[in-house]
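Here's the structure, in structure tokens; my notes come after.
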Amino acid sequence: MRGLTFLAQPRIGRLAGQFGLAFALAMAGAGALLYWQARAQIDDEVETSLRREQARILVPGAPQDTAAIARRLNALTGGRVISDKGHMLFAADGRAIWGRIEMAPPPPGFADVSFRDGRPDWREGHALTARLPDGARLVIIEHSEAVENIHAMLPRTALILVIISVVVGGGAAWLFSALIAQRLARTMAAADALARGDLSRRIPDAGLDGVFAQQVAGLNRMIERMADMVHSQRQFASHLAHDLRTPLTRLRALLQADREHTDAAGRQLLERAERECRSIIAIFDALLRLSEIEAGRHPTAMAPLPLAPIIEDVAETMEPVIADAGSRLELGALFPATIRGDVGLVHQLLVNLLDNVALHTPAQTCATIGLSQTGTEAVITIADNGPGIAEAQRDRVMQPFERGTASNRPGSGLGLAIADAIMRFHDGSLELADNGPGLAVRLRFPLLRAGMATF
Amino acid sequence: MAQKPVLVVEDDPIIAGVICRSLAAWGHPSLHALTGREALALEREGAVGAIILDRMLPDIGGIEILSQWRASGCNIPVLMLSALGSVQDRVEGLKAGADDYLTKPFDDAELEARLAAICRRNLRKGDDLAVGRLRLDNAAHRAFLGDAGIDLNRKQFSMLAYLMRHADRVVTRAMLLENVWGYAFDPATNIVESNLSRLRGRLQALGCDAVETLRGEGYVLRSAKCGA
């Protein structure tokens, strides 16, 4: 289920945002570089043209005093407005001698200036100033129209750039992440299925290439190897149990045969040997059963299963057993919940757990079995007021061949391990809890939806 | 069981020897086949009353032999023996036509009881069973001895019905677990003992003490004690 949710809504997290931001920064950097270059280019052209204009006025070899330059300016402009350049002559004391442009006299060389030439607003310009031999200054000004245009365009261009980079960068990042998430989702779905025990599951590699295909192939090789190991381990357990049945049959046959030719002491010995033989067989049967359930080899007819009638049936069967042990079994409230399950396994589960009450609690214990329902689960609770199991021991007693502290009790030591395997087989869980006092065993089954339980 | 011999098909000489000795002790003659081919030949000769068939044989598998017999119309009772004990294996054996399936290792008492049960084909069937004056009312889940009646719970009722159908025959604990409870697992607990002692208590209240415990073997409902 988790895998499916993942597939439907790929969780991309902050990745798209981070990519969008990085993209926007890169675009802003590129924009700044472009602006800086365009500006340098324009400045260069303006300065070349100013230098050319200055050379036209300060002709080498011609007189360079203020009056001569003023004359030359008069001659060049002839009273007409020429080009987009303005000319000014300032006396050494900063007083304007020639020209009608309002401005502060700039220092020699190139400078950015503000000026006003009859219009009400101040404008920006680039000026080239030359100091004449008599201390006066010749200023040539060019209105920086191109630069002003760029400056006027700048906020809008920057905004467009940012929007484009965030949208394109974020979108591309989202798409990229979504594709990766989708590929990961397939891996996750397979991993979940494997975790649930479906060892035949592999990660699909259709449509993958490059590092993704390599990764899937690598993971699948690993799964293959692990499935082989699990399989051979299971095979080993069940072959061992099967192969020991024949010698055990012989052993028992030999122990039973010809007993009449033995004296009383010998017969007693034979009977004891046979009892031991019987308990070995019981352990092997339980072990075999455990490996069968865990391998899912049980020829299961999974079907909608109302739990209440099964609980009533098992309680009816086990009540005399618990009563014979000196204790009591009571039937609690039974909520009519239906699960999807194997009827034989659920019977074994409940018999095993109620048998634990008969075997592992002292006389006068009172046990209750009940059935309740949460939003998604059917919960069978078997609670008793016996000595319980210490919290530190609860995990341990679920392991095969582990028992509680009262380890001298009979039994294969596989009862709880089998119960746990049966719960896992049903995608449920077995939980040991404190009943204050006593033990509460909670069996949580995924509930079959009401609409599917048709009878 | 008539005087026709029981055919024992088992490749393990020790196990086969014990089975044949036990059969002799119960008064049944036996024939022994070590392989599937031998078994097919002996059965063709005709004079076989029942068959104990091992599932795993060196040449032809027990399931295949059984399928051949059933396909050719042979309806001799067959008890299948196997070291394979899973539910699936049992279902396969029964599907192939075995009348019962016994997992190794087994008690000789278990073998005898099951052999007797499959050879006795004319079991009492039907809703209302009666043995002597003891009578079962299926609809009301009650047992009657003459006019006196008692209520039984479902398990007690099914146990008594099974015992009455096999009246005067040994019924083992495993047979009751399989047929009354339908349990394919060994509960390793006193389910049969405790429930049977309740049933016996109910019958005693009715004045009928017909169920007898045979230590190490099982239970018998004696028809002679069901009130003549």
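Residue 1 is the first one shown; counting continues down the chain.
Including glycine, each Cβ sits where the backbone N, Cα and C put it.
Feature annotation from TrEMBL assigns DNA-binding region to B:126-223. Annotated domain 'Response regulatory' per TrEMBL: B:5-119, in sequence order. Sequence annotations record features per position, and here TrEMBL assigns domain 'OmpR/PhoB-type' to B:126-223. Taken from TrEMBL, the feature 4-aspartylphosphate applies to B:ASP54.
Remark: the residue listed as '4-aspartylphosphate' has B:VAL9, B:GLU10, B:ASP11, B:ASP12, B:GLY62, B:MET80, B:LEU81, B:SER82 as non-local neighbours, by Cβ distance under 8 Å and separation of at least 6 in sequence. Residues in the domain 'Response regulatory' (B:5-119) partition by DSSP class (helix H, G, I; strand E, B; coil) as 54 helix, 22 strand, 39 coil. Helix, strand and coil counts under DSSP for the domain 'OmpR/PhoB-type' (B:126-223) come to 37 helix, 23 strand, 38 coil.
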